[in-house]
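In Swiss-Prot this protein carries:
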- Arg16: site 'Transition state stabilizer' (SITE)
- Lys23: site 'Transition state stabilizer' (SITE)
- Arg155: site 'Positions MEP for the nucleophilic attack' (SITE)
- Lys211: site 'Positions MEP for the nucleophilic attack' (SITE)
Amino acid sequence: MSKNCAIVVAAGKGTRMNTDINKQFINLKGNPILYYTLKKFQDNTSIDNIVLVLSKDEIGYCVENVLKKYHLDKVTHIVEGGKTRQESVISGLNAVKDSEIVLIHDGARPFIEDRIIEDGIKYAKLYGASACGVKVKDTIKVIAEDGFSKDTLKREELFSVQTPQCFKYDLILNCHKKALKDNIEVTDDTSVVESYGHRVYLYEGSYNNIKITTPEDLPMGESILENIKTC
């Protein structure tokens, strides 16, 4: 039976949050943000194990205050993140063992749904690469250097990509290695495989699947969590 591994990337410092603590460890309704993220993969029966990518100086804290405290035993490997997200993902990929599909997910994106996880695995098996996201609601403009609007993009052609981004393991590992060798810098993992001619299937995510990045995101996160609990 093929195995599926979630790589949860939580090594970023989150400087936009303006706190002394990493954003993944900020409490949301009494529990760390990272707990909610890991718990979704822990409880999903399609996920066999989790590789967690952390900053070196936060590994001990996370083990004691998140993994042991909440009994998150699907986390089989903890690896040290790199200077960039790209380096952190490669570290996570190198720790994966015997998995056909990997799901790369932001540690600060705690409202992932089972349906999104299942669809990501399904489409990655079919097409090699998949990513969830949502249609853009606002009008998007291209801004010129002088501050004036240069162009208006067609909203119906735009898609705000989220995580997890899901791949056949060999495909994403080989593309990341090539990108590192070729000095190609990317902002997400779908861009890595696209750089080498591979198509990515985009499927429906959720507007609740937000990434908590700034202080303004915390009240929204609390509201989403409250709604989830009452459903």
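Note that Cβ sites are derived from N, Cα and C of the backbone, with glycine treated the same way.
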Exercise. About how far apart, in whole Å, are the alpha carbons (Cα) of Arg155 (site 'Positions MEP for the nucleophilic attack') and Lys211 (site 'Positions MEP for the nucleophilic attack')?
Worked result: 22
Problem set entry | Sparsest-packed among the recorded sites, when each Cβ's other Cβ atoms within 10 Å are tallied, from Lys23, Arg155, Lys211 | Arg155
Exercise. At the level of the C-alpha atoms, what whole-angstrom distance separates Lys211 (site 'Positions MEP for the nucleophilic attack') and Lys23 (site 'Transition state stabilizer')?
Worked result: 10
For this session: In three-state terms from DSSP, label Lys211 (site 'Positions MEP for the nucleophilic attack') for me.
Result: coil
